[in-house]
Amino acid sequence: MERELVVEEMKNISSITNSLTSSPHDDSNNIIRKTPKSPFSSKISMSPLASASPIMKKALTYMEEIGHLTKLHDPALDAWLPITESRSGNAYYAAFHTLCSGIGVQALLLPLAFITLGWIWGIVSLSLVFMWQLYTLWLLIQLHEFAPGMRNSRYLGLSMAAFGEKLGKILALFPTMYLSGGTCVTLIMIGGSSMKIFFQTVCASNSHITTLSTIEWYIVFTVSAIVLAQLPNLNSIAGISLVGSISAVTYCTLTWVISVVKERPQGVSFEPVENTSDVATICTILNALGMIVFAFRGHNLVLEIQGTMPSSLKNPSHVPMWKGVKFSYSIIALCLFPLAIGGYWAYGNLMPNGGILSALDKYHGEDTSKVILGITSLLVAIHCLTSFQIYAMPVFDNWELKYTSKKKKPCPWWLRTGLRVFFGCLTFFISVALPFLPSLAGLIGGIALPVTLAYPCLMCIMIKKPKRYSSSWFVNWSLGLWGLVLSILLVFSAIWTIATQGMDVHFFKTQ
């Protein structure tokens with residue numbers, strides 16, 4: 001009986017929708033179409049979705065789950081774009097992507113932050129930032145489907161939905177594109193250099209072999225990245241993300257374990273470094289906080305990863321996504337906390353500016369197996385190569401969106417291939433032309449910081465509209481404003497550091 005009522009209600013909704021979307025006159029016979037009467041007509045307003053009865057809600061739910069309810073966006077575009085082309089993702093894929101994108105070489109700099117902050121404030125700051133960014137991750141996952149029938153599978157799209165089209169683009173377009181394209185440029189530099197170090201370590205005993213130059217290793221890395229980038233969509237690189245995750249966890253573990261096991265260098269001290277002025281002290285502390293904040297990344301990819309999952313009212317995508325994120329960030333915590341604490345314990349104030357990997361080579365390069373050192377460099381290169389794929393995907397998606405929106409059809413294979421080859425060549429050119437770009441990481445990273453710590457909280461307020469002075473309202477406003485303030489302070493600190501210490505600006509002179 002209930003099934004018959006649902007079917008009858010579906011017929012009524014279909015007839016009402018047709019009457020609202022069609023012309024009142026039929027050109028073939030000039031007969032005015034009228035909405036057929038229904039026993040539920042007294043409960044239905046002009047919109048078939050308003051004031052729905054329980055039977056209607058069941059009908060609407062059924063139609064949404066089988067894909068017959070009209071969405072508020074064009075589903076054809078999602079089916080043509082590389083991020084949402086495949087909706088077969090699951091919690092495992094989410095864990096692979098999140099872990100691969102969430103750990104970076106920036107984590108190797110964490111012991112440097114402890115030199116300034118010390119044991120207590122270093123651990124406290126690392127713990128607070130970890131919980132803060134994990135909370136903003138949870139917010140983004142919940143906001144992915146903040147309205148029934150709508151999915152925000154891109155960070156920029158969610159920003160526009162929360163702040164308005166114009167302001168949303170201004171706030172999120174540059175940071176998200178930098179976090180994608182700029183990260184890929186940095187990955188070419190680090191990955192190519194790691195390949196060079198691996199080759200020199202393995203072939204150090206053979207003087208007859210001539211090593212490639214740094215630029216030539218950049219080319220090797222870029223060509224490899226372009227080949228892997230031909231995989232069509234985000235779900236298709238899940239295996240690559242798994243390899244990258246294993247590589248990242250392995251080299252992080254190797255570096256801190258070897259550093260702790262080996263004998264500490266003479267002269268290790270944990271006394272805080274004194275600065276010449278109060279401004280220098282403040283900026284040094286801010287730089288240390290920046291190192292901790294920049295160690296956590298990948299928030300600009302969370303919505304995209306969640307967009308690869310199927311979703312319905314009974315099985316929303318936020319459930320498997322949060323499971324994958326919890327697992328991956330448990331692993332990330334097990335990597336970053338021992339790396340920071342163990343690295344600082346092993347080297348103290350003797351930690352070089354290059355981080356724990358440079359310290360390992362400087363203090364234990366002679367008494368550590370060349371195989372271990374070579375494997376570590378190789379793992380860094382592999383992780384950079386795999387991370388390149390997931391960070392480049394939003395750029396590919398954005399470029400293809402421009403084509404599909406205009407042509408109303410998917411990109412042909414030759415155009416998709418050409419766009420990805422062009423992106424690889426463009427990032428290679430920037431890495432060669434601007435070798436000093438890592439020196440600006442603090443400045444540009446400070447500008448992009450709100451994507452991680454501030455915007456998710458503010459978007460939650462704009463979209464969810466929590467009750468004024470409620471706990472949710474207070475927490476999100478506090479964290480959002482603190483994130484913006486921290487961003488401004490880090491930008492100021494980066495500018496002050498560049499102004500006082502200078503920066504070696506040289507074009508097309510890769511070292």
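Glycine residues also receive a Cβ, built from the backbone N, Cα and C atoms like all the rest.
Those TrEMBL annotations? Automatic predictions, nothing curated.
Here TrEMBL flags 89-498 as domain 'Amino acid transporter transmembrane'. Residues annotated as transmembrane segment in TrEMBL: 91-113, 119-141, 170-190, 210-229, 236-259, 279-296, 327-347, 371-392, 413-434, 440-462, 474-499.
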Hey, which bits of the same chain come close to the transmembrane segment (119-141), Cβ under 8 Å, at least six residues off its ends? 110, 113, 155, 158, 270, 288-289, 292-293, 296, 299, 302-303, 306, 318, 321-322, 325, 329, 333, 336-337, 340-341, 344, 452-453, 456-457, 459-460, 476, 479
Counting CB pairs under 8 Å, which listed stretch among 91-113, 236-259, 279-296, 327-347, 371-392 touches the transmembrane segment (440-462) the most? 279-296
Cβ pairs under 8 Å only, please: of the recorded stretches 210-229, 279-296, 371-392, which one is richest in them relative to the transmembrane segment (170-190)? 371-392
Would you say the transmembrane segment (371-392) and the transmembrane segment (236-259) are in contact under the rule of three or more C-beta pairs closer than 8 Å, pairs 6 or more apart in sequence? yes
Who are the chain neighbours of the transmembrane segment (279-296) in space, where the CB to CB distance is under 8 Å and they lie at least 6 residues beyond its ends? 102, 104, 106-107, 109-110, 112-117, 122, 125-126, 129-130, 133, 273, 336, 441-442, 445-446, 449, 452-453, 486, 489-490, 492-494, 496-497, 500
Looking at the transmembrane segment (413-434) and the transmembrane segment (327-347), are there 3+ C-beta pairs under 8 A, with each pair at least 6 apart in sequence? no
